[in-house]
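See structure below.
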Amino acid sequence: MVNLVTSEDRPELVRELSDALLEAFPAITTVINNINDRPTPTAVGRYEHILHGPGYITDHIGPYEFEIGANAFFQTNTRQAERLYDVARRYAEIQAGDTLYDLYCGVGTLTLFLSDKASNVLGIELSEVAIGNARQNAKKNGVKNVDFLQGDIQEVFKEEVVSRHGMPDCLITDPPRAGMHPDVVDQLNKLKVPKMVYVSCNSATMARDLKKLNEVYCIEEIQPVDMFPQTYHIETVARLRLK
């Protein structure tokens, strides 16, 4: 997959570049043009055009196959991702009949990976593209006990969501490197979930969030997972339980 990020919508230029790339590299399965016309620190724009192919690639984690869009997050080291998710599954201690929430769910990787024992699973994610991928991934894998909600977690993760989907027996949170917004941490402390699993790619922001969560939750165990050997990047999984 090739994602061409441009500051303007110039279809004639990117089409020419796309054709040249496909001729030079026939293994390319899809080409997307993402238009970011705002001065932002990220390359993700407000809309995209699919120039070639389906607009996504596929990969596997465990028994599940996932469609991954150009602007959706997906673990690049899939073998270690399976180990990471095994740790999360062990910490979650999901029982038959449990309701599970997955915050920052992305394309639904962890949501689906943990869905086999739970009764109901709700994934919440900001990216519209990722949520579209997540819904398609659930359909593709025949998983029917999951639901997905698109929106900024800071804004949508409110009492109304809990009233509609039920109080979670366990909550998974896997935020981006910036960690969770303070309002989300406060909401988690108010919600008083029996069990929580925090997955993080930034141990510094995780430590900041855990310090606040520790007012309400006991931090029982923390397990680092080496996702990128020979680098300082690790994923960290923490198990929390209501005091």
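Each residue, glycine too, has its Cβ placed from N, Cα and C.
Since the structure is predicted, the reported quantities are computational estimates derived from the model, not experimental observations.
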Same-site S-adenosyl-L-methionine binder from TYR56, TYR91, TYR101, TYR104, given that TrEMBL records GLN75, GLU125, ASP174: TYR104
For TYR104 (S-adenosyl-L-methionine binding site), nearby residues of its own chain (Cβ under 8 Å, 6 or more apart in sequence): ILE124, GLU125, LEU126, ILE153, THR173, ASP174, PRO175, PRO176
Least buried by Cβ count (within 10 Å) of the binding-site residues GLU125, ASP174: ASP174
Residues that sit under 8 angstroms from GLN75 (S-adenosyl-L-methionine binding site) by C-beta distance, when 6+ apart in the chain: ILE61, ALA81, LEU84, THR109, MET227
